[in-house]
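Marked as ATP binding site by TrEMBL: 10, 11, 12, 13, 14, 15. Under the heading domain 'OBG-type G', TrEMBL lists 1-259. According to TrEMBL, the domain 'TGS' annotation covers 281-364.
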Ligand code: GDP
């Protein structure tokens, strides 16, 4: 799973990105993290695998990960190619969801590109660039489908939908608020356009640390962000990038003290990772053994063979059955053999829908 961090210059994107990647001390275990400095691999906090690891006395604990991409350089005019704009827009096209950072903190030392703080205006500036870019994609697609539709009458309905999406965007609305009819073709086409404004988005309201205790309730800028987000059904996440940066330098104990002094329960980054999981409809299943205990990310509704395929394609191809036990039940029993004796380890077939927290041992043919 890949999330792109976007926003105007100087709103705190890099600060947030750096604290995310630094806080992930475990990221060092993921060598591909260092390939691209703008890509950070962040482990998903999950104490279930830590506990399983203890039970199995395992050699290695591996967390599920989220990739964050720092997409700097999105400015007014980006869709017209300004400031390397198009390159950044194509980076956004590759992500699964967007974290849109919005400046909600006052600081005269940090220059705002428009001279003053205005979250609603800032969001609109960025979103308009995304909309322009999407309209360009639609125009190209419309030209192509219009030609094909002369030979293939079944494409008339695609053309009609393309025009409708374009009209929707031209009203300044995001593609994610476009209601695609309950029609398999139309849904599949819509997905295939991979529109930027169709991507799920979390608005990260970057506030001063004093605003964290009440989750930004007394900050009028945050209120602007909340209003806009509500109109398009997006989530808002209140964070202080600067504080997160400081926290990322501390060890766990110091961090806990620091947070309790501020009246805050958990680090904003942990919350962001959890929110991203939620937003994308993701869950984790676990595998456990003496060599490794590991969490794997899947979409809700994934069946056992496809979940096995996350580990290895051979596991999916040769899938026979899955031995499944709930994480907490396993922990309560103390060992897999004790859980088996108690009869709480299920033998599941190819139609089994994997649940969050399932500990699974796959049986397969090679
Ligand atoms: P980017 O251009 O969006 O990546 O912004 P940066 O992360 O580089 O931040 C721009 C400036 O704003 C830097 O000097 C940061 O230290 C500062 N900054 C970022 N977040 C905060 C914050 O929450 N509060 C304050 N006061 N300054 C911040």
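Placed from the backbone N, Cα and C atoms, the Cβ positions cover glycine too.
The Cβ of residue 10 (ATP binding site) has 13 neighbouring Cβ atoms from other residues within 10 Å, across all protein chains displayed. Residue 13 (ATP binding site) falls within a helix when secondary structure is assigned with DSSP. Of the listed binding-site residues 11, 13, 14, the Cβ environment within 10 Å is emptiest of other Cβ atoms at 14. With a 10 A radius on its CB, residue 12 (ATP binding site) counts 25 other CB atoms from all the protein chains.
Neighbour list (residue 15 (ATP binding site), Cβ cut-off 8 Å, at least 6 residues apart, same chain): 241, 242, 244, 245.
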